[in-house]
Structures are given as structure tokens and as C-alpha cells.
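**Q** After the C-alpha cells below, expect a handful of questions from me.
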Amino acid sequence: MPPSILLLNGPNLNLLGTREPRIYGSTTLSSLLTTLIQKCKSLALPLTLLDFQSNHEGALIDRIHAARGNVDFIVINPGAFTHTSVALRDALAGVEIPFVEVHISNVHKREEFRHRSFLSDRAEAVICGLGVYGYEAAIEFAGRWLKERGEVKAKAKL
């Protein structure tokens with residue numbers, strides 16, 4: 001079975017494309033998923049992309065727990081839970097799955113309360129301010145990370 005990447009999106013990301021487009025852009029979550037599936041294929045690596053979005057902290061935690069032993073890497077945009085959720089941090093630490101934290105906007109150019117992340121110091125990498133392209137960068141990073149550790153055999157060189 002090919003290695004899998006779990007894409008997790010937190011609160012309000014179901015509104016992507018319509019919620020504050022000047023900050024988050026006009027790409028919908030559905031369109032983004034299509035792009036990311038194509039990105040996985042373009043890497044010439046046999047990867048499976050799984051996705052889950054919830055506005056509920058407990059549902060995200062349950063999905064992280066279910067990933068243990070079943071997922072090789074997580075790409076997460078925790079949304080507002082970035083700044084508030086010790087529980088999400090503990091769930092990610094508890095399953096010991098490497099992850100990248102993604103933010104569409106540059107959180108450091110926004111309100112002060114958005115500058116603090118409960119996840120960043122546990123992440124393999126943090127990507128912010130690249131718009132939805134940040135997700136593509138995270139998927140590429142995850143593929144390379146898995147390849148370097150022998151988790152995935154390349155069909156062709158990256």
C-alpha cells in the first residue's frame with residue numbers, strides 16, 4: 001500500500017473561496033483538493049491523499065487518533081485552533097505522525113493573537129502566507145520527507 005498523507009482542515013475552511021476572499025483567496029476547498037490530488041500524481045511518487053475538514057475540535061482530534069498506524073504524514077491547517085488548542089497539539093504529539101502546519105495567510109502580518117501557535121514547535125515545518133499554494137508546497141515537502149526516509153520509492157527522481 002502506498003504511503004498516505006492526511007490533509008486536515010479546521011474551522012471555517014469549509015467556507016474557503018467565499019469567506020474573506022481578500023485574505024484567503026477565491027479557491028474553494030473542493031478545487032484545492034483536486035489540485036492537491038494532481039500535485040501528488042505530479043511528484044511521481046505513489047502517494048495516497050486522504051482529507052478531512054471539521055469545524056469541531058473533537059472531530060479533528062478523533063481523526064488524528066484514527067490516523068495512528070494508518071497514515072504516514074499529516075498536512076494540517078488548524079485554522080483558529082492554532083492559537084487555542086492544547087488538545088490538538090497533544091493529539092498530534094500522541095500519535096507521533098510527522099506533520100506540516102499550513103496557513104493560507106501570513107499570520108504574522110495579522111492580529112497579535114494570531115502570532116502564537118500551539119503546534120509550530122512540534123511541526124516538521126510551518127508554511128504561511130503563500131495562499132493555497134502553501135498546501136502544494138506542504139504536499140511536496142511531505143513526499144520528499146517520506147522518500148528520504150525510505151517510506152516511499154520514487155517512480156522517477158523528484
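Note: Cβ is positioned from N, Cα and C throughout, glycine not excepted.
Note that the structure is predicted; figures quoted are calculated from it, not measured.
Sharing the feature lines straight out of Swiss-Prot:
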SITE      ARG19  site 'Transition state stabilizer'
ACT_SITE  TYR24  active site, proton acceptor
BINDING   ASN77, HIS83, ASP90, ILE104, SER105, ARG114  substrate binding site
ACT_SITE  HIS103  active site, proton donor
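Just tell me what is around each of these and how deep it sits.
**A** The C-beta environment of ARG19 (site 'Transition state stabilizer'), restricted to residues of the same chain at least 6 apart in sequence and closer than 8 Å, consists of ASN12.
Taking the Cβ of TYR24 (active site, proton acceptor) as reference, residues of its chain lying under 8 Å away and at least six apart in sequence are, in sequence order, LEU16, GLY17, ILE104, SER105.
In the three-state DSSP reading, SER105 (substrate binding site) counts as coil.
Around the Cβ of HIS103 (active site, proton donor), the same chain contributes ASN77, THR82, VAL126, ILE127, CYS128, GLY129, GLY134, each under 8 angstroms and 6 or more positions distant in sequence.
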**Q** Which of the three DSSP-derived classes (helix, strand, coil) applies to ASP90 (substrate binding site)?
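**A** DSSP call for ASP90 (substrate binding site): helix.
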**Q** Looking at substrate and its recorded binding residues ASN77, HIS83, ASP90, ILE104, SER105, ARG114, figure out the farthest C-alpha pair and report it in angstrom, whole number.
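**A** Across ASN77, HIS83, ASP90, ILE104, SER105, ARG114, the two farthest Cα atoms sit 24 Å apart.
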**Q** What does DSSP call ARG19 (site 'Transition state stabilizer') in the simple three-state scheme?
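**A** Note: ARG19 (site 'Transition state stabilizer') is coil by DSSP, not helix or strand.
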